[in-house]
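Novice: Sharing a structure, written as structure tokens. Questions coming.
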Amino acid sequence: MPLKDIKDSLKDCTNQARAAEEPSSQQGAASGHHMETSSSRLILSNNRANMMDTILDLPVEKKIFYAVLGFSWTVYLWEAYLSYRQRRIYRSTTHVPQELGKIMDSATFEKSRLYQLDKSNFSFWSGLYSETEGTLILLLGGIPFLWGAACSVTSHFGLGSEYEITQSLVFLMLATLFSAITGLPWSLYNTFVIEEKHGFNQQTLGFFLRDAVKKFAVTQCILLPVTSLLLYIIKIGGDYFFIYAWLFTLAVSLVLVTIYADYIAPLFDKFTVLPEGELRTDIEVMAKSISFPLTKVYVVEGSKRSSHSNAYFYGFFKNKRIVLFDTLLEDYSPLNKSGETQPEQPESDESSGEAKAKPKNKKQGCNNSEILAVLGHELGHWKLGHTVKNMIISQMNSFLCFSLFAVLIGRKELFVAFDFNDSQPTLIGLMIIFQFIFSPYNELLSFCLTVLSRRFEFQADAFAQGMGKASELYSALIKLNKDNLGFPVADWLFSMWHYSHPPLLERLRALGNAKQD
């Protein structure tokens, strides 16, 4: 058939089809719209299928890399969503709720609202920066680049690839230095803008910078020897190296807990023994009544860096110590010397210029009976075995992680995923497996421990209540919340995920009908 005839036949068929469609044009339009929608869905479905096929066809190394990156951003977006919910509470709750009317005045409520709002906004931007920085480090090969830089340093001193532990220590020092430098502007802003604006900062810039250098130096003095020994144990430990590595980290954690307050913390803050007097006597009597093996009670000069307050105990077996921040003690805190500046110290004095003299117009801290109630809560953690339980959970988790590390360390694809194609350094393996591969497990464990911590806090409050200190603890919680500008209204989902301590109102309700003084 000639080509012209074929075209004419097709044209006739087309005209007939159009003529047949005209009587039912409305029905045809609807049918066409339905066909168009179905086509769009089919195309979208095909695109998704093609995307899945593309992902499934990726090498296992790329799957690992993108899974790590995707999970990191998933966690960040989840955290950002929770923070958004809480910021919405800060912005909308501008008046003291009726339930809080007898607990918090309007001025304090507004101060705490603005303080927490500023902190939340700061957290959003610092979190976004941190996530972006981490993503760029992974995408641009920052980890292998830093490892190469460490190799260049060791090579400069004539050390070859067989000195892997030395190269690992140089890598670790460079990584912590990078982290300290990039984090410094955020820390400066938090201290000298946010904390300063809301009356908490007591530091001068010189003190802050000296403190930062000192922290970095002390961290290196502890981190580098411990890491070198851990890497050596993994290298020579044979098939059961994970057991030896776990036992080593257990021993290190016990030593650090034992020596921290006696040898490490005094490098940064001044510790003095609580003077003889009514408070010390009452603390010793209370400790003896529950068989707490108290040996010393210290007061730490926290007021030279911040007006936030705290208390804790430490030590093992028959050697327990209690530490009270001077900002916690109403009769001891220098911040309560309203209108008085601290006397000038001689230039030779080590503390000269370290802390700013700031007169305070508010009465801060708790009275003696309230301090005893707070310590009753803290000692409740010991009496109820919370400290031991947390340590057991921590060590079980550590053993599990080292066991899984032993299974995964030989998988070359984990190293290739992060551009380590020709070598498998042990320190890099620890970083990849503990920080990246275990991240979903770490998030789940963190949430479970947060839930457990809140349960322990309720139990410790109940223990203090059982000691007859419910009323004093009730008023102490209100005072501490006021001194630290805690905001008493929280989004339920945000608090469930983040709060290791129950919100103030929940704790006060749990204390029953106790009345504030």
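Counting starts with 1 at the first residue shown.
Cβ atoms here come from the backbone N, Cα and C positions, even for glycine.
Feature table excerpt (TrEMBL):
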| type | residues | note |
| --- | --- | --- |
| ACT_SITE | GLU378 | active site |
| ACT_SITE | ASP461 | active site, proton donor |
| DOMAIN | 86-270 | domain 'CAAX prenyl protease 1 N-terminal' |
| DOMAIN | 276-512 | domain 'Peptidase M48' |
| REGION | 14-33 | region 'Disordered' |
| REGION | 336-364 | region 'Disordered' |
| TRANSMEM | 64-82 | transmembrane segment |
| TRANSMEM | 136-157 | transmembrane segment |
| TRANSMEM | 169-189 | transmembrane segment |
| TRANSMEM | 216-234 | transmembrane segment |
| TRANSMEM | 240-261 | transmembrane segment |
| TRANSMEM | 392-410 | transmembrane segment |
| TRANSMEM | 430-452 | transmembrane segment |
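Any idea what these are sitting next to in the structure?
Specialist: Annotation for GLU378 (active site): same-chain Cβ neighbours under 8 Å, separated by at least 6 residues, are ALA311, TYR312, PHE313, ILE322, ALA460.
Long-range neighbours of ASP461 (active site, proton donor) (same chain, six or more residues apart, CB within less than 8 Å of its CB): HIS377, GLY380, LEU473, ARG507, ALA510, LEU511.
Residues belonging to the domain 'Peptidase M48' (276-512) score a mean pLDDT of 85 in the model.
Same-chain residues lying 6+ beyond the ends of the transmembrane segment (136-157) with a Cβ under 8 Å from its Cβ atoms: 65, 68-69, 163, 166-168, 170-171, 174-175, 178, 418-420, 425, 428, 431.
Within the chain carrying the transmembrane segment (169-189), a Cβ under 8 angstroms from the stretch's Cβ atoms is held by residues 122, 126, 129, 133, 146-147, 149-150, 153-154, 208, 212, 216, 219-220, 223-224, 227-228, 427, all 6 or more beyond its ends.
Away from its own ends, the transmembrane segment (240-261) comes close to residues 222, 226, 229-230, 233-234, 271, 298, 314-316, 321, 323, 394-395, 398-399, 402-403, 405-406 of its chain (Cβ-Cβ under 8 Å, at least six residues beyond either end).
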Novice: Report, as numbers and ranges, every residue of the chain located at least six residues beyond the transmembrane segment (216-234) whose Cβ falls under 8 Å of a Cβ in that stretch; write 'none' if there are none.
Specialist: 164-165, 168-169, 172-173, 176-177, 180, 241, 244-245, 248-249, 252, 256, 264, 267, 426-427
